[in-house]
Amino acid sequence: MSFVLGPNQYGKAENRVVRIYRDTARHEIRDLNVSTALRGEFTEAHTTGDQANVLPTDTQKNTAFAFAKEHGVTSPEDYALTLGSRFLDVTPAASASRIEVEEYAWDRIEVGGTGHDHAFVKRGGEVRTTVVTQDRSADEPRAWVVSGVKDLVVLKSTGSEFKGYLKDEYTTLKETDDRILATSLVARWRYETTEGVDWNKSFEDVRSLLLETFATTYSRALQESLYAMGSAVLAAHPEVAEIKFSAPNKHHFLVDLAPFGLDNPGEVFVAADRPYGLIEATVQRENGSDAGDAWLTVPGFC
Ligand SMILES: O=c1[nH]c(=O)c2[nH]c(=O)[nH]c2[nH]1
């Protein structure tokens, strides 16, 4: 039997980098979880144990922290682009770098009606994400930015139905024209370019549009809501090439209160945690740009 090394990458996962801007009395905070990875000609490291080509994951970690000071964190995307370029510069064997950043948002604590200068409260739940890939294995170097949001938990208490679906002898689900629709959304969108984008503004605008469209679209299924949300983003954001969703359908089942002599016209539900429907979809432009390696090792999407 003989073997060869298949696809591989290595780096330091989940560096918890917190950058405080304290140049004035009013501090700013960027709270990041940074995962770095390199791909390329690292066969020897695996097959003969020769580590001559390997930039240690420890060095990658150190650089992640040093760059938070030297280059700052104006946005997760710019930080990741700078860090990924650096790793390519100092690692000749690397053909590509992949930097994944999650950002946790903090709000200022309100004191006497104004936000405190240096005391913060963590914003619940949702996480801003980016995956920046830079590849130099082809004639022209290529780069991709895939940004997004995860754990964005949303719920509509009406304005959602599910009926007219395929039925067989195992179907027990009752049709409904008024149900709760809830999900913990993961959305990731690929940018057309890595330059000239106001990453923070684009993120805020896309996020707002996703929420607004979820709220205002009458939903005949989670599938329809996702498609409407994606279409709204592509229509308003030429800088976005495509958007992918992974949306668990967080079922809320109406509780039968009849045994207690109570009616229940859509007022009391049991929130089930599992199993859940898992609806995944991509909304893309017709004849859109080539995604290249943008989605390579981005898990959890169809
Ligand atoms: O929005 C939904 N999509 C489905 O595909 C589905 N299937 C199901 O049982 N409930 C739902 N809800």
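Each Cβ is built from the backbone N, Cα and C atoms, and glycine gets one as well.
The DSSP secondary structure for K12 (active site, charge relay system) is coil. Sequence-distant contacts of K12 (active site, charge relay system), defined by Cβ-Cβ distance under 8 angstroms and a gap of at least six in the same chain, are S35, T36, T57, D58, Q60, K61, A64. Feature annotation from TrEMBL assigns active site, charge relay system to K12 (among others).
Annotation source TrEMBL lists O2 binding site at T57, N249.
Marked as 5-hydroxyisourate binding site by TrEMBL: T57, F162, R179, Q223, N249. Within its own chain, F162 (5-hydroxyisourate binding site) has L173, E175, T176, R179, R220, A221 as residues 6 or more apart in sequence whose C-beta sits under 8 angstroms from its own.
In the three-state DSSP scheme, T57 (O2 binding site) is classed as helix. For T57 (O2 binding site), the number of other Cβ atoms no farther than 10 Å from its own Cβ, over all displayed protein chains, is 16. According to TrEMBL, the urate binding site annotation covers T57, D58, F162, R179, Q223, N249.
For T57 (among others), the entry in TrEMBL reads active site, charge relay system.
The active site, charge relay system feature in TrEMBL is assigned to H251 (among others). Listed in sequence order, the residues of the same chain lying 6 or more apart from H251 (active site, charge relay system) and placing their CB within less than 8 Å of its CB are A271, A272, Y276, G277.
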Checking proximity to ligand 1 here: which recorded positions out of K12, T57, F162, R179, H251 have their Cβ closer than 6 Å to it? F162
N249 (O2 binding site) to Q223 (5-hydroxyisourate binding site) - Cα separation in whole Å: 10
Of Q223, N249 (the binding-site residues), the residue whose Cβ has the fewest other Cβ atoms within 10 Å: Q223
H251 (active site, charge relay system): secondary structure state under DSSP, collapsed to three categories: coil
